[in-house]
Each structure stands twice: as C-alpha cells, then as structure tokens.
C-alpha cells in the first residue's frame, strides 16, 4: 500500500511539473506573438504609398464636399458635375458655340419666358412668379481671393528660387513639366485640355482608391527605378555643372 501511495504522489508531482512547463510555454508563446504584433504593424506602417502620402485619399483632397464629389461619395452630384462639363465641352468644342453668343441666347430665352409669364398672370388671375434676389456673398469671395493670392505668391517664390539657381532638381522638373505641357497644348486647345483634366480628376482618384493595394507596389518599383536613374544622371552630368554664387555662399 505504501508503495502504491508513493507512486501516486510521484505521478501527481510529475503532472504539476508538466502543467507548470506547459503554462510557461504558453505564456512565452503569447509574449512572442505579442512581440510579433508591433512588428507586423510597423511593417504595415512602412507600406509604400503613392507620393509619400500618410492619409487616405479622401483626406488628401481636403475631406470635404469637393473630395466627396471627386471620389463619387455622392454619385448624383458627381455624375451631374461630369455631365455639365461634358455638355459645355460639346457646345463649345463640337458645336463650335461661342461663350458670348451662348450667354446672350440663354439670357434672351430666360428673360422672354419670365416676362411673358409675369404678364400672363394678370389675365388668368394668378400670382406673379416669385423671382428671388441674387447677391454674391462677400466672405466666400474674399476667402477665395485670399487663397488664390497665397497660391500665386507661393508659385512666384518657387519660380524666383529656380531662376536664382538654388534648386537644380526643381529647375529640371519645372522645365520638363512646361515642355510636356507645351506639347499637350499643341495637340488641343485650352477648353479640351481643361475638360480632359476635369474628367481625369473624376476618374483617376476613385479608381486609385479602389485599387491602391495593387497600384502602390507597382509605383514603388517605378519610383525606385526613377531614383536610380536620377542618381546615375546626377553623378555623370549634374554634379559636373558649376553651381551659382548663392549656392557657394551657402556652402561656405
């Protein structure tokens, strides 16, 4: 009997030791998994995003009503804006309507209808049509003017820095952009170019937001290749160009 009891005690001790070892392993594995979680999140944080953005596409466009329109949050308004732009482009480009002629014809039609309606109500004993007073508010116009003034002044400052030879990379980027824009301008007039940009703004952002997980890896490879080619071009060409006096003063 004594031997049997000793065996039971030994078995119970072995079970307790096994439970402790199992508990330690589970705690260590859970801690390891917890340690892995921040690494996974850090990997997600380091995912390449186009143009180096850290916010969603909706926040990049301001997060307000313009962003809702461009990203088709309200499909009726977005479709309406695109439809109006298409009608304007068809009228002026395909039908070759002139702006002054169109405005005059619309005003003639509107004034004639309202004049006839206002006089017809006297004969049929009905109330005259209510025509609201239209006034341009002061604050939105001032805010728009201030914002436009700020952007124009910032563009002038950038152009001045480029003209003074302070940023060679920006100089080459602006020259390349203007050259491409001049080529596009030779293909079509300003109205068609404006319409193409308007359509692109209403299609490209929403498509990118939908397929950004597929676009970003491809863009990362393209940016890496562009940087590599630029480094080669900088080493062979740009580094051999003498800098301006302002650049040398800064280095001194």
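Here the Cβ of each residue, glycine as well, is placed from N, Cα and C on the backbone.
No curator has checked TrEMBL annotations; they are predicted automatically.
Residues or ranges marked as region 'Disordered' by TrEMBL: 1-41.
If you look up TrEMBL, you'll see 1-25 marked as compositional bias 'Basic and acidic residues'.
Looking at the domain 'Reticulon' (66-252) alone, the prediction's average pLDDT is 84. According to TrEMBL, the domain 'Reticulon' annotation covers 66-252.
Sequence-distant contacts of the transmembrane segment (77-92) (same chain, six or more residues past either end, CB-CB distance under 8 Å): 68-70, 98-99, 102, 191-192, 195, 198-199, 202. Look at TrEMBL and you will find 77-92 (among others) tagged as transmembrane segment.
Residues annotated as transmembrane segment in TrEMBL: 98-117 (among others).
Residues or ranges marked as transmembrane segment in TrEMBL: 170-201 (among others).
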Same-chain residues at least 6 beyond the ends of the transmembrane segment (98-117) whose Cβ lies under 8 Å from its Cβ atoms: 91-92, 129, 131
